[in-house]
Structure formats: C-alpha cells, structure tokens
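Some notes on the structure that comes next.
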Amino acid sequence: MPTLDDILEHIGEFDLFQKQVFFVLCFMSAAFTPIYVGVIFLGFTPEHHCLSPGVAELSSRCGWSLEEELNYTVPEQGRRGESFSSRCRRYNMDWNTTGLSCINPLENFTGYYGNRSSIPLTHCQDGWVYDSSGSSIVTEFNLVCEDSWKVDLFQSCVNAGFFFGSIYVGYIADRYSLRLRIYLCLRAQEVATSGVLVAFAPSYLWIVIFRFLQGLVSKGSWTAVTEIVGPSHRKTVGILYQVAFTVGLLLLDGVAYAIPHWRWLQLTVTLPCFLLLLYYWCLPESPRWLISQKQNDKAMKIVDYIAKKNGKKLNVSNINLEEDDGEKRSPSFTDLVRTPQMRKHTFILMYNWLASSLQYQGLIMHMAMAGEDMYLDFFYSALVEFPAAFIILLTINRIGRRYPWAVATLVAGVACLIMALIPEDIHWLKVTVGCIGRMGITMSIEMVCFVNTELYPTFLRNLGVMVCSSFCDVGGILAPFIVYRLAEIWHELPLIVFAVVGLIAGGLVVLLPETKGKTLPETIEDVENLHR
C-alpha cells in the first residue's frame, strides 16, 4: 500500500495548495520574532545616573548645560575600582544647601580637600535619571545596578518556557490527540493572551510570570509546515520558513523604532497574533495526523481536496493509505546513548544546539548593548540572514551537510574572537565582523535543525530531535547572564566565551558522518554503519 509521501509525489509535493498553506504559516514564524529577541527593545538599558534631589534646581539657577551638570554633580566612572560608579553611585551630600557655587559647587561641602574623590559616595537612594525619550522595563522598574540581573532573568524565563513547553506541548498533543489546526489555534490564543498580559503587567514579578507563560506556549509548531509537503521539498521549505523569521526581525526593528515605549510596543507586536485564530478556517486537518489515528477515510478526503487544488486527478476509491513502519517500535531515552555512534551523535548534537543558541542570542544582545545605533545595527545584522539561507540552499545538495556546517560554525567563532580584539572606536569594522559572525551562526542553526533528523533511526527520530533541541533552550537561558554579567568584568569577555564555544562546536561537527545522498536510517544498526 502507498504511503502519504507516495501520493504527494503524484498530486504535487509543493504545488499551489502547499504554497498557499506555507504562506499562511510563515506569518506564525514572523510572529515568533518578538518573543525570541524582543528583549533587545523591551529591556533596553539607556545611559543613566543617580537622581540627586536639588541638582535640577541648582542646574537651572546656574544655567548649566547637561554636560556641565554631569561633570559637576556625578562621580567619575571607575573611581575606587568600582565599575560604572557614575551610574550606580552619587555624592553623599545635600544639593539643596544654600549658597552653593555655580563654578565648583563641591568645594562648599565638608570633606572636600581640592579633590572630589575625597567626598563619600552613597547608593542611588532616590532613583535614576535616564537619557532616553522612550521607555523600557529597565526605566520603568529601575532594573539597573544591583537589580540589573533582572533583565537577564526576563529573557531567561522565556527560554525556560520554551524548554518546558517543548515537552508539555508534545505530551498534550499525543495524550489528548489534539488535531493540528485546533492545536495551532489554541497556541495562537495562548501566545496572544500571554503577550497582552505582559503589556499590562503591574509589576516586574508579573512580567516574569507572563513572560514564562508566553514561552511555554510559543514553541512546537514549526514542524507543522512540513506536514503536507513532499519529502524532496521539506528541507527547502524548512529553510524558507526560517527566512520568514528573518522578515519578522526586520519588521520588529521598524516597529520598535517607531514605538519606543515598551508597553505599546509589546501590545503592537502581540495583537496580530489573534489573527492566527483564523487558521482554523484557513488550514485543513493534517492527513498524517488522521492516518496515525486510523481515520484513513477522512485523510483521503483531504488528499483529494489537495489534488483538486493542485489541478491533479486522483482516484481515492482505489487507494488505501498505510502508516510508516518505522514508528511501531517504542523509543527509549537509553537508545540515544546505548551504542557508540548513537552516543557520539547525541552528545555532539546536544552541544551544537546549545552552542548555536548561545551564540545566536548572545551575539544579538551583545551587538545591541555595544552599538552606537541599536536599531541600525540590529537591521544590518538581520539582513545577513538572507544570504545565509541562500548559501545553504546552494551547498546542501552539492557539497553536503558536514563541511558547510563546520565552516559556518568556525566562522562564527572566529568572528567573535576578532570582534573582541577590534577597538571600540572602529565601530563600523566591529559591526561588519559581527554581521559575518551572525551569518555563520544562522547557517549553523539551520544545519543542526535538519541534520538532527538525519542521524537518528525512524522510530527514534522525534525523541532524538526533542531531547537534543531542548539544549537550544538551555543555551538561551544562559545567554543573557553570560552577555550582561561578564560584560561588567570586561566588555568583550562574552565574545571570548562565544568564540571558544563556537570553535569547539565546529570541530565536533567534523566528527559526524556525512548524510548527503544517504537513505535515512531505519534502525540503530543503520546509524552505526553511517560512518562507513
């Protein structure tokens, strides 16, 4: 009996109907962008210094410019070995004292002996002044200095949601047999609702809770795009689906530039997700899901509908569909590490998933933190993802998977190392090298996505992808802490970490077998023989 893939070869593997469905699903890919990297704009930290009561009145009376006000009233950076002391410390003095000089107001205070370093400092007890016309969660909740780690947690919690959500979604879908379009609609409603709750959250604690919930329900639908596409087009469709994510990056950048206030920005990028509820009427049920549920008659009606939309004829009365035989054996976690080659594949893929996510998110956050123009640098680095997809499409079936993947990962690692060595005053070169690194790591993520499926036998493939790809979320949890905490020690230290992680990942990729032109393994024995 023929399988669904056999029938798709006859009625069109990626014809008119599949292209229409693919276009609709690409909106979901673009809508995922604000959840994944929205912290760049929602958690933006502008230049800031302590609010000192009385300084504004004194500055107005003396007619100081902003530069003069900062010079007279804000401690110098790095004094007494403290990093960013001008952002997190202020002079322990009363600026409302009468008779202060406009030329050198510090000389009127006890403890001043011709050197401002002799004046004691204190914490920013009265808040901060931010050099920004917009707002972010940082400026609203004062997530700076001792509380700056809360920005890291804001991003880490959404990745933690991704981690638990990938397990939760798969379990719920299998346990309660959720149909594809019903699942997509439920997911759309949950993503939109949790996103709106983030926009209206009254406190930082509630933001973190809603952000976690948003991550919990945001992942797990990318495989839906390949449900009705033939095998010869799945990799191309998967790559183009990621291109839609890149389009979402560019749109997010433009919207964030136009709306510099984080609550309105969060609301603006979330409300369109409610349109995903229309998927219930726009998308057919998945014939693969129906076949797995022994509902072949319903599956054949949908197959017949696809054939008619594609302008092909199909006599459904003479066809009996069968399930793939590879799913009959129950998968086990121990199968992933039981034999030498399986064990090697699993550990290398786990590490590369973690490394790819760590470098991708980390590089985006570091470039935004270090850039002169956050919006322009984000735009340039997002643009390079288009040639990354094009290079993959050109090389994957000509050269193979292993060497382009290894080279891309090594390029990303080397680019991070070079960035760390470029002086800050050569900003254009730093951004250029960063974009090259971004292109390399984008290719690496694309490669690991589909090579993962080619290195496991059929009955173990879904479990293998779920376990290995979960380390992508682990990398996302670690990335903000590595970027923002290590940058306080040395601004370029996160780049050194990314370089080391990337170079190791690229070297490990070479140890994997080439899968180009090889039949997908059906058994563990087939996997053990892949390297031959």
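Numbers run from 1 along the shown chain.
Placed from the backbone N, Cα and C atoms, the Cβ positions cover glycine too.
As given in TrEMBL:
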DOMAIN    100-517  domain 'Major facilitator superfamily (MFS) profile'
TRANSMEM  20-44  transmembrane segment
TRANSMEM  153-171  transmembrane segment
TRANSMEM  239-259  transmembrane segment
TRANSMEM  265-283  transmembrane segment
TRANSMEM  348-369  transmembrane segment
TRANSMEM  375-396  transmembrane segment
TRANSMEM  403-422  transmembrane segment
TRANSMEM  463-487  transmembrane segment
TRANSMEM  493-512  transmembrane segment
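Sequence-distant contacts of the transmembrane segment (20-44), counting only residues of its own chain at least 6 positions beyond either end whose CB sits under 8 Å from a CB of the stretch, comprise 14, 132, 134, 136-138, 143, 151, 154-155, 158, 184, 188, 191, 195, 214-215, 218, 221-222, 224-225, 228-229, 237, 240-242, 244-245, 247-249, 251-252, 256, 262, 265-266, 269-270, 272-273, 275-276, 279, 282-284, 309, 361, 364-365, 368, 374, 378, 480.
The transmembrane segment (463-487) shares more Cβ pairs under 8 Å with 348-369 than with any other stretch in the list 239-259, 348-369, 375-396, 403-422, 493-512. Comparing 239-259, 348-369, 375-396 for CB pairs under 8 angstroms to the transmembrane segment (265-283), the maximum falls on 239-259.
Within its own chain, the transmembrane segment (493-512) is flanked in space by residues 344-345, 348, 351-352, 355-356, 358-359, 362-363, 366, 402-403, 405-410, 412-414, 416-417, 419-420, 441, 444, 451, 455, 482-483, 486-487, which lie at least six positions past its ends and keep a Cβ under 8 Å from the stretch. Just going by CB pairs under 8 A, the stretch in 239-259, 348-369, 403-422 that sits most against the transmembrane segment (375-396) is 239-259. Looking at the domain 'Major facilitator superfamily (MFS) profile' (100-517) alone, the prediction's average pLDDT is 85.
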